[in-house]
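Quick look at what TrEMBL lists:
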ACT_SITE  B:Thr189  active site, nucleophile
BINDING   B:Thr152, B:Lys178, B:Thr189, B:Glu276, B:Asn400, B:Thr405  substrate binding site
2 protein chains.
Amino acid sequence: MAVGLGPLPTLHPVPGFELGIASAGIKRVGRKDVVVMRCAEGSRVAGVTTTNAFCAAPVLITRERLAGEVRYLLTNTGNANAGTGDDGLANAKRSTEALAQLTQVDAEQILPFSTGVIGEPLPVAKIEAALPAALADLAEDHWAQAAEGIMTTDTLPKGASRQFEHDGVIVTVTGISKGAGMIRPNMATMLGYIATDAKVSRDVLQALVRDAANKSFNRITIDGDTSTNDCCMLIATGQAKLPEITAASGELFGKLKDAVFSVFMEVAQAIVRDGEGATKFVTVIANGGGNAQECLDVAYAVAHSPLIKTALFASDPNWGRILAAVGYAGVPELDVSKIDVFLGEVCIASQGGRAASYTEAQGAEVMAREEITIRIELGRGEFSETIWTTDLSHEYVKINAEYRT
Amino acid sequence: MAVGLGPLPTLHPVPGFELGIASAGIKRVGRKDVVVMRCAEGSRVAGVTTTNAFCAAPVLITRERLAGEVRYLLTNTGNANAGTGDDGLANAKRSTEALAQLTQVDAEQILPFSTGVIGEPLPVAKIEAALPAALADLAEDHWAQAAEGIMTTDTLPKGASRQFEHDGVIVTVTGISKGAGMIRPNMATMLGYIATDAKVSRDVLQALVRDAANKSFNRITIDGDTSTNDCCMLIATGQAKLPEITAASGELFGKLKDAVFSVFMEVAQAIVRDGEGATKFVTVIANGGGNAQECLDVAYAVAHSPLIKTALFASDPNWGRILAAVGYAGVPELDVSKIDVFLGEVCIASQGGRAASYTEAQGAEVMAREEITIRIELGRGEFSETIWTTDLSHEYVKINAEYRT
């Protein structure tokens, strides 16, 4: 039921970054569920991780190890290794130790990632057994296979790729993501891996991943549930024959930033397009706020309202529900007489009430589309925020009522 | 599909308070959709109303008029008269003026209430035409009919009644409520009317309605959507032959408070039991918080999580989703190693991980029940809060996708 999400685009290999996929049979025999990524020596890795206090064991380990030199990323699906206490930590470490032995690196140089059911013990022996096959599979052109290897309830793999040229050198930025439910990333996403062959200073890389995630993964929501396992990693292998990019790099930094932001946005929006049960891809824009937070409060109130989400599913221009959500978003001293609301290009509410020009037919025409923009003009200031979400369908309930059975 | 909600209990008449019902054909011909309530001279009325900034026209008028002497309450269903701007205000006033003419009171002594679809013009002529029939129907024993007359998507009428004796005098507290969707009252409820024949000072009455609503209507949530029309009114007719109840009234005040709180709780919980598509009645308790707000944040995060709500619908003890919600509730410096989670009497998570004693069969047994308690022990302090909610079923999506069609 993915909305506007087709087959994977061409995912250009990133020199110095290889991906290998294997099947450990964690949840289902034969399913690709282990992905190993290898970063060439000298690569830098920066990342953001979930703000959920109950973060998973692998997230705790990844956070610590990000400060050092990273050589491998080890991902499993089918089991989140979250809510698993000390055993979970030991299991996550053990899986990286097994990979360290096979690859002759230090376990501290390996970042673990898990996604799947929360609260089950990680079947670490199965993962260990699959590592040789994953290593044998390592190749720079295995992005598409890895995009499939990290899927859980996703119906389609998600990836994006950009290239730009600088001083005659082609620089590549390629990324993949997964996620379809328990999606309201907060300083992170379910899982996202974006790599470039640019050489990037540690500070710039960390700022890039933070800023790009903030405008992409941190602006999507499917069900308002912030996961315990969100992680988004940005890898720079430095294999492109160009000077190191620092905060002072001017044009080259600008080109890289554009490419990174563009890939982040595409793979983040792909998660929404593949949202559980999604039949609509919905952009919510809050303009004219007095600060960024109140714009976000309004946009998320609209995006999380089950009443608005079911109306979107039904293609019902029930704009009163939008007004109600704006009204309870908690914006202090909100003057409703200054608020306009647009559905697509149609003004549905003006000065806090039904727009004089509005007809139900206009609203119905917009609501019938697969991609819908709801824009709220708050009339309080100059701030603006945009987020992306889905509708709430029968299928969402079905998927999540039956997830473990 | 109401959960544990049977036929109306006996609703004792409250001397000095009459109810009359009529059919104005606002949304459907023949449906009872207008209710007039008459308070005897000398009655006092206190109330709380929605905090939604887009509050409906009748709410604005009711708020103003509560300061004066109130003689009538006029309620219509089928149309919320919200998001209707100046015309909405004029229409609400006009309906009370029509009633004022027929009853020889001042329009300022009449409180208007509306509930139903947001954003449609109020069909005030239809309401006017129904007023004589509603007035002719006024009687002290028409509580049950009024409980039906204020229903919208409710499947069952909701009411509760208590009596107590003081110095040989019987005092009655009776109330009704309506609401099944767009339910997360905030300082109010959809619509609740509770009357007593006790004589109560204005200050005490206002404090009573605020405190009772705060522990009942303000602790329920179905979909997290705070309505534009929430109103809860407490009427004291003063017909019971007892001294006026003031803050200094000791035992009598205590008895009244118990009865009022008990009626509030029953009619508030009845709204949850009749929640749209509800198949479960869920109590969420957050104990051991450092303050009340963090208890509420945790409880509402659990109660609003679509993933938990669908797991409840499926009777799936997917406790990892509960941990995840606690983790993203925004409690500062949450130490997950101190957290225990109970499903009914079963400890499912201990010290932040799966409880050693827990078996899936234990969780499944609790989840199969119609009434389920989720208790989170935060281990941070002495505060505690309890709220009530429902699951998220196919029926919820169906009802709200098809509401206007």
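Keep in mind that glycine also has a Cβ here, set from the backbone N, Cα and C atoms.
On a predicted model such as this, the values are computed, not experimentally measured, just so you know.
Listed binding-site residues: B:Thr152, B:Lys178, B:Glu276. Those with a CB under 8 Å from a CB in chain A: none. DSSP gives B:Asn400 (substrate binding site) a helix state. Under the three-state DSSP scheme, B:Lys178 (substrate binding site) falls in the strand class. Secondary structure from DSSP puts B:Glu276 (substrate binding site) in coil.
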